[in-house]
């Protein structure tokens, strides 16, 4: 026997659901009326970077935007900040209401994993490089929760920021390899005035660390402009900026191709950096072209508004 209860949905208002079945039923009903469902997965503590994803989703004609807020325990390691991750739920809802978001999904861990870790997604080799080096199970947790959200919401499009570029690439791999019927949209990184990539974890930085954190974007810019001299010149220029920053502990500076495979000369690539200031770990990346006059592959890299017409149709 099926459950005939249909959850309430008020068009033009912010509707908050905590039960996966409710979101699935509402999404299905909306699709049957011709609405196009867009998903923006988040862990809350929203900032302008998240809002750029929402705005990109809302630009799709006929869209209804679903924002999920779920701090996923599967993607945190034993010594990481699961218990202290920023929680600003009321403020998050106010921001989303101001953006005219119609659906927010706020499940509990028990609702998302009612049977524990009985079934999970196991990614390929890329998940154990870069961010996966010190965090070997991180992307298992990321891909598992993303796949579950896609199954629950059944969106036409799902939106992720390019700041977590490795995550974006791995999600695209999963969607392709598992034949998931969704378009994955990457939205350019949104930055503070001094270039620091927006992140919910930036609130952990004290004032001195906050000033020093701008070195990551400065390093990427230096690398991009040095790329006319080749891949090694780009890496050396980025590393020089980071090494000159007191208190900054660099985990890696790497140049990869757009799919995060090995980089080759005279091609587009991604310059990625991870570093720590105190207990706070920071990530950033930029698209560059080796041998290009400016070295910067995308002139819209740092812009909040970014047109991606193929997925907007």
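Each Cβ is built from the backbone N, Cα and C atoms, and glycine gets one as well.
According to Swiss-Prot, the protein carries these features:
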ACT_SITE  50  active site, proton donor
BINDING   43-50, 161-164, 190, 198-201  ATP binding site
BINDING   75  beta-alanine binding site
BINDING   75, 167  (R)-pantoate binding site
Subject >> Inter-residue Cα distance where the pair is residue 49 (ATP binding site) and residue 167 ((R)-pantoate binding site), in Å >> reply: 16
Subject >> Cα-to-Cα gap, residue 162 (ATP binding site) vs residue 50 (active site, proton donor), nearest whole Å >> reply: 11
**OP:** Provide the number of Cβ atoms within 10 Å of the Cβ of residue 167 ((R)-pantoate binding site), excluding the reference atom itself.
**Re:** 21
Original post:
Here the binding-site residues are 43, 46, 190; which one has the lowest number of other Cβ atoms no more than 10 Å from its Cβ?
Top reply: 43
Subject >> Cβ neighbours of residue 50 (active site, proton donor) where a neighbour is any other Cβ within 10 Å >> reply: 27
Original post:
Could you give the Cα-Cα distance between residue 49 (ATP binding site) and residue 75 (beta-alanine binding site), in whole Å?
Top reply: 20
Subject >> DSSP-derived structure type at residue 46 (ATP binding site), helix or strand or else coil >> reply: coil
**OP:** Using the residue listed as 'beta-alanine binding site' as the reference point, find which of the recorded positions 43, 46, 50, 190 has the shortest Cα-to-Cα distance to it.
**Re:** 43
